[in-house]
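**Q** Taken from TrEMBL, the feature domain 'Glycoside hydrolase family 29 N-terminal' covers 3-282. According to TrEMBL, the feature site 'May be important for catalysis' maps to CYS211. Marked as domain 'Alpha-L-fucosidase C-terminal' by TrEMBL: 293-381.
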Amino acid sequence: KPYVEFMKKNYPPGFTYEDFAPLFSAEFFDANQWAEILQASGAKYVVLTSKHHEGFTMWGSKYSWNWNAVDVGPARDLVGELAEAVRKKKDLRFGLYHSLFEWFNPLFLEDASNSFKTSKFPTMKTLPELYEIVSKYQPEVLWSDGDGNAPDAYWNSTGFLAWLYSESPVRKTVVTNDRWGRNCICKHGGYYTCSDRYNPGHLLNHKWENCMTIDKRSWGYRRNAVFSDYLTIEELVQTLVETVSCGGNLLMNIGPTHDGRISIIFEERLRQMGQWLNVNGEAIYKTKAWKAQNDTVTPGVWYTARPEEAAVYAIFLHWPTTGYLTLGEPSASAGTSKVTLIGYSDPLKWLSLGSKGMVVILPQLTLSQLPCQWGWALRLTGIN
Ligand SMILES: *[C@@H]1O[C@H](CO)[C@@H](O)[C@H](O)[C@H]1NC(C)=O
Ligand SMILES: *[C@@H]1O[C@H](CO)[C@@H](O)[C@H](O)[C@H]1NC(C)=O
């Protein structure tokens, strides 16, 4: 209702959703600038929404006549521009989000009214389009969404995925998620997403991803968002740490503007995340989940591990006022155990509590000596 009222009040009578397309201008879109910000965030992969549920394609799809960013609005191949810019960045992979179904497409609505016994829409739209984006842009992450409550057989998902993994140009590196038909989610997939903003707080026995948004209420850009709608960097670091400790990856969404910008608040959050990862990346990248995910004694302590280096990381989100940190999970032994604070050179002193864990004495640092401000990581070696 509030949206209907808003439209009535601010737009000409009879203004339709399609009438928004020419207003999508992207005149400030600079793919190289985006790629620079995305790399500065510490991200290792980027997933662009190539098409959301309304069917508008961000590339000049042959199967989306007059409803794509080349024919209407920007008159540019936005997918191609970003793909090229991202690929120029070291260690940054390019991926695409793609919605299987479309809210208003008459072919989909017809199939739905036939209880998906006909498959005009997948045959004439979704599948040709999927082959098109994979062949043309070679995404190394294919993030499927929007099953439209239709089974995977309707979408021919297994047929398409067989092609993707064994014949497509990205067959050697591509990864996909779990949204390929009704009841697939959290059950089948290269990695699981389970639900939007999924953050289970415990280890899963399958690789997963927490896809969430910096604007707590939206995946798209909201002109009327207020400051408190955005997650703080402390909250984002906490989400990253919880996610990675439980074996997940973080996919942190930003909604760009109609004129092609990453708003400054998103840019700040992305760069802050990058600053934090620049110091603490060794406790995040290429780590594995440890035997415990968080501490049993001190809240807000999360663990990761690098088994090949026999290293365990205890990431703590609150600097204790006592100056020491009690860890209930690792047990240390004199002579062999070593504790360091990432970003600080001297080894730390610690005391063993036997089977009850250990106490780490934190150094007394001034603000400018702190390696970072939003969470810290201890590297523990030689522990049991
Ligand atoms: C499903 O995909 C496979 C692999 O591309 C293809 O051989 C098959 O014909 C497709 N089936 C339908 C019903 O479209
Ligand atoms: C460990 O994390 C879980 C899930 O977030 C939480 O329920 C539990 O209270 C945490 N344990 C401690 C000691 O903080």
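Just so it is clear, glycine is given a Cβ too, placed from its N, Cα and C backbone atoms.
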**Q** Can you give me the average pLDDT across the domain 'Alpha-L-fucosidase C-terminal' (293-381), rounded to a whole number?
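**A** Value for the domain 'Alpha-L-fucosidase C-terminal' (293-381), mean pLDDT as a whole number: 96.
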**Q** By DSSP, what is the split of the domain 'Alpha-L-fucosidase C-terminal' (293-381) into helix, strand and coil residues?
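**A** Within the domain 'Alpha-L-fucosidase C-terminal' (293-381) the tally stands at 9 helix, 36 strand, 44 coil.
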